[in-house]
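Below you'll find the structure, written out as structure tokens, and then a few comments.
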Ligand code: HEM
Ligand SMILES: [Cu+2]
């Protein structure tokens, strides 16, 4: 019968497995992030881009802009233009309008996503209002810029991109947020 | 015998004696049989409680329109029904059976860690007391489904969600301790000569289940901890506004969730693999392949989780991978069904209650497996997902699967537990009424599901009315029948024809070598296994 480990040792090992699996649950969070980035799975774009590129004047790509509010958000939020036709490699800017119609100061956070999702890896933002939170006083209205470059290596079959933002009301949320937002 | 079990038993071994008198026996007991009984009674109580919630659900769905409860309360009922049945009824029932039977089957005097055993049981009433109490709190109990997807369970959750999280932590700790106990017992306390490949399949399937438990219960604990942090400490694991992702919740949950469904079925596989040979009067066909098939199922269960998420927008290669991996599970499962049928083939079959439940298990579980295969076809799942077809699928694998497996085990071992033969006539009534009720309740759900009736909705389109009425009638029949089971068990405890040590002539195994009822202490000196 005593062909295994003594019970106390066995239990200690099993508890180690338990601890490791608890840690694994949390490790799934960065792992998920990495997988999504690596495979451009869910349209997540990377953080601020610092590279420079040569313009490819021979090719054009349509970039469409979308703005929508998450549940519970009451700001007016829209791009100044619905779309731009751009050359890969060139830097472009689009302005988004945000207006707080309420009678209290509010904080908003925009979360970007790119469709088709597999193109997200080739869509670079050099500057974006989504990198920070926006605090708007009652009735205040601002224009917020996003500067971007469509990568020259964007797969040839992608001729049309959509950059969408969802605006969340994060007034009153405490603690660390937004740093993680890309 | 290991040093760890000695403290609780110091001085007991020389003179065998019975349990301590009075109520404190149950509070303080470290005896595997007492704890097994506690688990089984707890489980049955949870079964009746979760069952009453199902009755509320089916009463509301008896007709289209809102008649009996408000949608908010309906959501709490579906959520609590699922949570209580999964974590309160099915899992504790199998832990109870493990406590009672594993030491008897491998010739051990007790579980390896008797005091931890006591603790892991008594955590359960605390966990479920907490969970059920949320129903009476302002804002109501959990209403986000047993799968508690974020952000429903975080941003939009009722205040009581914190109690829910704590309850899940407690039951997780309880399951993990139970699993560690099973592993330590099976690996360290087997009688001389009881090699691994001589163990009854119930012990094998439980050993593998225990490994699944210690692998995935901590992940469940992790996911509810992340929810807790999102709700109270301002993190954003699942909140897109803060850079998190609600879809991440589903990945972590189902990484736990799919192995969890096998946690609920593998011990039943094991029990049925003991019962079918007994009533076929033939040894189990393909013992070794059964062991390997169980291992294969357990392994595969870790790489199929996203079949619950075909519609969230995973990439095409992901859909294909999870589709094929899921279908692969049908292979070892098919091996098992084949072996059960081959065991019955040309056997001298008799159909006492345990066998009736076991045969129904094989047939109806297979139907559930087939609907699972249909759901595993990713493009088809876009149509079936979140409809009653899914409800039909998992009730076919869980009711005539897990729960019939538990009933079969209960009838099979009741004579050993109580020392009396149960009332066979009533038990057959219990079987047939359950069989008819359960099929009436769940079979029509396939049809309404394929026709597009969504799950977790208190009202529905008129076109589904007739099938839903049939479902409700079947559910009421099934529910009421379970009171008959309670009566049969109480009657069997209180009296009846005395059971011999081996009440089933075709039975095989160490548990039948001790008298009925099994004495309070058994195998204080290990038996010899040839
Ligand atoms: C051949 C084996 C099986 C296959 C191929 C299979 C496949 C599936 C698939 C694809 C789904 C997701 C359906 C959807 O949400 O659209 C599902 C759901 C489910 N299955 Fe299975 N399954 C199998 C066996 C089992 C077993 C043995 C159990 C439990 C004992 C089980 C319990 C469940 C549960 C509880 C759900 C629903 C979870 C929920 O959304 O609430 N399945 N199954
Ligand atoms: Cu699954």
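Positions of Cβ are set from backbone N, Cα and C atoms, glycine also.
Automated prediction, rather than curation, is the source of TrEMBL annotations.
Among the ranges B:291-310, B:491-510, B:511-530, the one that TrEMBL lists as transmembrane segment is B:291-310.
At the 8 Å Cβ cutoff, the transmembrane segment (B:322-341) and the transmembrane segment (B:261-279) share at least 3 close pairs (sequence separation 6 or more) and count as touching.
In the predicted model, the domain 'Cytochrome oxidase subunit I profile' (B:26-530) has a mean pLDDT of 95. The transmembrane segment (B:390-414) makes no contact with the transmembrane segment (B:161-189): fewer than 3 of their CB pairs lie within 8 A, with pairs spaced 6 or more apart in sequence.
Among the listed stretches B:121-141, B:201-229, B:261-279, B:353-378, the one sharing the most Cβ pairs under 8 Å with the transmembrane segment (B:79-100) is B:121-141. Sequence-distant contacts of the transmembrane segment (B:201-229) (same chain, at least 6 residues past either end, Cβ-Cβ under 8 Å): 94, 97-98, 101-102, 105-106, 148, 150, 153-154, 161-162, 165, 168-169, 172-173, 175-176, 178-180, 182-183, 186-187, 235, 237-238, 249, 252-253, 255-256, 259-260, 262-263, 266-267, 269-271, 273-274, 284, 287, 290-291, 294-295, 298, 301-302.
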